[in-house]
Amino acid sequence: MAHGYSLTHWAITIVPSIVAEFSFKGENPPKVLTLLNINPEILVLLFPLHQAVASVLQSLVTTSLLPAEIPLLATGLINILLFAESPQAEIFKALLWLGGLSVYISCKDVLFWEIVLARIPSWKFRRPSLSQSQSEGRWNSIDRQVCDKVYDSLKDGYQSQSDDADGWFVSANARLGHEVRWTPPRSKRQQSFSVVDTIDVHEPSFDGTSGLCSHRRRRHTFSTVGDARTTPSGRRKRSLPPTLRPFLSLTLVQARVRKWAYAMFVYLIILLIILVPVRSYISQNALQGQEPFGWAVGYLFGNIPSLRFWLVMSGFDGWASLPPWSDKAAEFCRLGWIEHLRRDTFGEANTRLVICAYCMLVLVVGMALVIRLSTIVEVDTRRKIFHGMMVAMFFPTTFVDPAFTALAMTLILAIFLLLELFRASQVPPISKPITCFLAPYIDGRDYRGPVIISHIFLLIGCGIPLWLTLAGARHGGDWPWVGWEIEERDISMVSGVICVGMGDAAASLVGRRYGRKKWFWGGDKSLEGSFAFAVAVFVGIVAARVWLVVGGWLPEISALDTLVKAMLAAAGSSFTEAVLTGGNDNVVVPLVLWLLVRGMRI
């Protein structure tokens, strides 16, 4: 079994569960696990499931995550799989498990081929020649001709990229048997040819002759079995991996057409997965059988009179889940003035549109600030602007509509993971723009593997405490919004935003500028940075408590009690951030702060 665990150890651990479930005393002995509402099969298969999930995650992220983070991530995914009950958790489960597993099974090989084609320089592909076209099989000939026609229809002429340093390029309109065009190389050492074929080079002559080379030029190709090629330092050159060799029989045009064909296949499969299994699962398990897209229309736009009138007149009122029309005469103050505005004055759907507009405004202002400061401040300082944007977006809005905020974080996380899949797999045409956009903001951890994890972990750190709080909160609401009204508010909902957006940013900025004294156990964490972390978390907890009281969600309580508990929670999370070495602090520290806030009932 993987990760150093043996089958024998697993068999020994399941002995107590077998004894508890199948007692040998009495005729009809009670089954302990069944009485505790524990499925014995799930309990027995939990460890193999964890190992299988960890192995898949390891194959996907490789060195991007630390060894301690992969089991933690696998544990979180299994908890979502087994214990998802609320509508928000069911949607999370559908996107990560059903959608992610379907994409992994259906697109794994195609994405691998996409990566292989992207890693092969264009000069290594086979050059089109008449002699090889006559000797190739019928299917290969048909494939080549189809690729040529498709490529010609997309682009009239293609010049090879910079890896063709010698100036050779193949016209997209060129047919087999035509002369390969040539541009003068910068030097003899820069000449490169295909690794699988032989090309007679027609060079221009400086003495007026025909310029036909009298002998076959030595090509930069792979060694034969009997040859031993070494580098100038004497080290033996690496041979081409066997998985790449079949792709070298393709021409450059065939390779490029295949890359786009693979990309179109991936896009189509992902679209079908979203429209068929994911949509069906969300409809049955999260929305009580309602159409997800129609439900989303009513959830966001249901309070707009003109849209409601059009939907009713067009007969789409059964497809779109429209909320009941607000009766102005029946308005009353509910949990507070914020809830009164949300439910009676604006309406729940219009309030969500206001939240979306506010978040878009924060994004625009934040991105403009990042671009403006890109030539003035260093990368780490620019990265902390994104932390501030998370605070500005989620700190004031989470208490207004926690279910909507949790749903938004879930959808954004799914989009981030999907875009990162396209970027890491180099799927055209979206991979290069994403890479160029993220390049100025990545840190050292993003260079450790193929996955850029900074923005993903930033969102996860802000969202985990909210998702955990909603898992234990009381859900209400009338049809069609059953489970989408949260009846209570808690500071733990924003503990992730406080920890990541305020504490981590303050520790980084203060520690880098003023950090002089390091902790005695080593590492790069300073006492000044840890103190700044604690102060920022303390201020965030107090501000969240004030916002709960001012908004009317909670009554006033003792200020001294709140201050003391906030100090203890801030100190505990700061100490955890200082000693943490085997995990990502954007995920682990918010969990610790969430436990402290929930445990002390702040």
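We count from 1, first residue shown onward.
In case you wondered, yes, glycine gets a Cβ from its N, Cα and C as well.
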Of the residue ranges 70-93, 382-405, 574-597, the one that TrEMBL records as transmembrane segment: 574-597
Feature contact check the transmembrane segment (574-597) with the transmembrane segment (491-510), CB under 8 Å, 3 or more pairs: yes
Long-range Cβ neighbours of the transmembrane segment (352-373) (under 8 Å; 6 or more residues past either end): 299-301, 346, 381-382, 385-386, 388-389, 392-393, 397, 400-401, 404-405, 441
Chain residues outside the transmembrane segment (451-471) and at least six past its termini with a C-beta under 8 angstroms from it: 60-61, 64-65, 83, 85-86, 88-89, 92, 383, 386-387, 390, 394, 398, 402-403, 405-406, 409-410, 412-413, 416-417, 420, 423-424, 438, 441-443, 445, 486, 490, 492-497, 499-501, 584, 586-587, 589-591, 593-594, 598
